[in-house]
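Residues annotated as domain 'G-protein coupled receptors family 1 profile' in TrEMBL: 39-288. The transmembrane segment feature in TrEMBL is assigned to 23-46, 58-76, 96-118, 138-156, 201-224, 236-258, 270-290.
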Amino acid sequence: MEIQTNVTEFILMGFSHDPHLQIFLFLVFLVIYLITLVGNMAIMLVIRVDLHHHSPMYFFLSHLSFVDICYSSVVVPKMLVNFLAKHKTISVNGCLAQMFFILLLAVTEIFILSGMAYDRYAAICHPLHYAVTMNKQVCSLLVGCSWTMGLLYSLVNTVLVLKLHFCGPNEISHFSCELPPLLQLSCTGTFTNKIALLSSAVIFGFSSFLFTLVSYMFIISTVLRIHSAEGRHKAFSTCSSHLIVVGLLYMTAIFQYVKPSSVTSLVLDELFSIQYSILTPMLNPIIYSLKNREVKTALRKIMEKDTVCVT
């Protein structure tokens, strides 16, 4: 399908047009992007190199890191170019491609996080059957389903956008081609698109959230039955990184897409978008590294090996 439009490109308005501030923002987001790449690649390397990390939890974590690298790479490079460019444009096809991958990766990430919640449920609530419950086939199936859900969500909304007509204006009040601001530029009715976006966001988002919530309800119930304080602390500590990551992602994404229509601050929209599309991919490896002793130990060993090789 080809989109019917008189517009050949969109203008991403982004942030301030002050040249000095643009350079400052370029440097800030460049550092964030580099930290995101290095952090997530380091996590993937540790999991691949260290045989002790070939467990279901780290299998999911490596896929989460891969999704975070892709998510950040879909948004940030174009943003960095626009900070230095006089004309902050993106082609219509480029805009649609960016929108498609934003939707795909966002939903894939929340379902991978749901799979990680189920993994923690199996480890804490049924430790004796953990190896059987979370075998290689089950882990691969959960990751495959995550990508399938992301693809379905993205296709449903993208196909409907292809039926819209854009005849101007072509200025997107955002730093990326997210769906809500793009719909505001359509010359044709977007009621169907808005219904599809809301319903699919509720269906996919709520199902993932419910899966995670139920898993943690069983986890909390099991942990509270542990008599020793040390045992309870040890059980909760295995979930702390995951809970922080889930909280950051859900709070910002839900507010962005399901907030009341009366809340229309463009600055607020952009801040929340930065949080879940740029900062969260950077924070995930940092959170897992700081909160997980095994990851910290493995990173230290790899760095020591590299130091020995250099000397």
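Every residue gets a Cβ built from N, Cα and C, even glycine.
Three or more CB pairs closer than 8 A are found between the transmembrane segment (270-290) and the transmembrane segment (23-46), so contact between the two stretches is assigned (pairs 6 or more residues apart). When Cβ-Cβ distances below 8 Å are used as the criterion, the transmembrane segment (96-118) is approached by residues 3, 57, 60-61, 63-64, 67-68, 70-71, 74-75, 78, 90, 139, 142-143, 145-147, 149-151, 153-154, 157-158, 161-162, 176-179, 182, 204-205, 208-209, 211-212, 215-216, 242, 245-246, 249-250, 253, 276-277 of the same chain, each at least six residues removed from its ends.
For the transmembrane segment (138-156), same-chain residues at least 6 beyond its ends with a Cβ under 8 Å from one of its own Cβ atoms are 56, 59-60, 63, 100-101, 103-109, 111-112, 114-115, 118-119, 196, 200, 204, 208. The average pLDDT for the domain 'G-protein coupled receptors family 1 profile' (39-288) in the predicted structure is 85.
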